[in-house]
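As given in TrEMBL:
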type	residues	note
TRANSMEM	35-54	transmembrane segment
TRANSMEM	75-94	transmembrane segment
TRANSMEM	114-133	transmembrane segment
TRANSMEM	145-164	transmembrane segment
TRANSMEM	184-206	transmembrane segment
TRANSMEM	213-234	transmembrane segment
TRANSMEM	240-260	transmembrane segment
TRANSMEM	281-303	transmembrane segment
TRANSMEM	323-348	transmembrane segment
TRANSMEM	369-388	transmembrane segment
Amino acid sequence: METGTSIDNNSYEGIKNGSWFIQFRNGCNPWMARYVYGLIFLLANLLAWALRDYGRGALTEMRKFKNCKDGGECLGTEGVLRVSFGCFLFYFIMFLSTVGTSKMHSSRDKWHSGWWFAKLFMWLGLVIFPFLLPSSIIQFYGEVAHFGAGVFLLIQLISIISFITWLNECFQAQKDAERCRVHVMLLATTAYTVCILGVILMYIWYVPDPSCLLNIFFITWTLFLIQLMTSISLHPKVNAGLLTPALMGLYVVFICWCAIRSEPVGEICNRKAEGSSKTDWLTIISFVVALLAMVIATFSTGVDSQCFQFRKDENHEEDAISYGYGFFHFVFATGAMYFAMLLVGWNIHHSMKKWTIDVGWTSTWVRIVNEWLAVGVYIWMLVAPMVLKSRGTT
């Protein structure tokens with residue numbers, strides 16, 4: 001038995017040290033596999049966007065599907081939802097078949113990292129399958145996708161806060177803490193400066209008239225939240241320093257900016273939206289950047305499974321997997337719902353303008369609520385140790 005295991009390990013190492021094509025064919029590199037899954041996710045995004053904006057050219061082919069009613073219900077918003085549903089099914093099946101994987105070289109590890117031709121055919125079949133379903137089922141999936149996209153945003157939020165906390169701990173854990181303190185102060189000062197500059201620019205760009213009370217509220221409340229996070233972080237009983245609230249400030253300013261930019265075109269308080277009413281190169285570049293940012297966010301969040309482990313395993317075994325396969329696919333499954341919501345503006349009953357993403361009042365309020373939730377989660381992470389400790393002593 002030991003000899004057989006040694007031979008298997010040697011052959012595995014030989015494949016692992018071979019060319020990328022050999023690794024891809026034999027499915028022994030989980031780190032390469034995650035890029036392939038990310039590419040498949042990007043292709044699904046592009047297909048959904050193409051059906052939404054340029055699907056009329058495929059109208060003849062769509063008529064072959066009996067549930068498409070002359071192709072109308074397979075284009076636009078429903079086209080996005082059908083592609084999203086197929087993508088969700090693919091990653092959810094991968095989640096069910098890989099969750100609980102803990103060892104390299106196991107059958108589920110090989111399924112995750114290999115069998116690409118079988119999985120590509122499975123993906124194509126699952127993307128086509130929703131076009132055979134009646135519109136009522138797709139509309140129901142669209143409603144469920146609101147919840148799934150919210151789960152994705154929550155996972156992404158926790159991942160970002162965990163990264164900020166980890167970065168702060170790395171600086172504090174250095175042996176030469178005195179030298180690192182200068183770097184921390186410099187980084188925190190830069191972050192706060194960018195926050196203040198961002199708030200000023202939002203006032204200039206998105207409050208052209210005193211009647212823009214909603215935008216004034218959004219921006220002013222964001223500034224207040226930054227001050228609140230800083231005050232709580234510097235409280236003697238918390239003593240979390242300046243770096244984490246500064247980086248969180250950057251995050252909430254960015255979310256506020258995205259929320260205001262999501263306001264519908266033609267709003268008097270959004271001159272940037274009025275300027276982008278025509279499809280120009282700036283609009284196209286902004287769309288491409290937003291699409292790639294969404295794919296990258298899904299990819300990076302999917303790999304970050306350790307921030308959701310309540311117990312850290314210090315004894316890392318040599319043949320343990322490098323990241324959670326089940327969690328990785330679960331994030332991509334919820335990400336499939338998330339990209340659908342962005343492409344339809346979180347509203348499955350209205351059409352979107354070409355080359356736009358995440359536009360509409362629903363999108364605006366989703367962003368704002370996400371900002372407030374981020375601040376709430378961050379503050380709870382600061383005060384939770386004190387609250388739980390006081391409860392434990394009573």
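Note: Cβ is positioned from N, Cα and C throughout, glycine not excepted.
Counted as Cβ pairs under 8 Å, contacts with the transmembrane segment (240-260) are highest for 184-206 among 75-94, 114-133, 184-206, 213-234.
Cβ atoms under 8 Å from those of the transmembrane segment (145-164) belong to residues 81, 84, 88, 244, 247-248, 251, 297-298, 300-301, 304, 307-308, 331, 333-338, 340-341, 346, 366, 370, 373-374, 377-378, 381 of the same chain, restricted to positions at least 6 beyond its ends. For the transmembrane segment (323-348), the residues of the chain that approach it from at least six positions outside its boundaries are 30, 34, 37, 41, 44-45, 48-49, 52, 77, 80-81, 83-85, 87-88, 91-92, 94-95, 98-101, 108-109, 112, 139, 142-146, 148-149, 151-153, 155, 262, 290, 294, 298, 301-303, 305, 308, 356-360, 362-363, 366, judged by C-beta separation under 8 angstroms. Counting only same-chain residues 6+ beyond the ends of the transmembrane segment (213-234), those with a CB under 8 A from a CB of the stretch are 195, 199, 202-203, 206-207, 240-242, 244-246, 248-249, 252-253, 256, 259-260, 269-270, 368, 371-372, 375, 378-379, 382-383.
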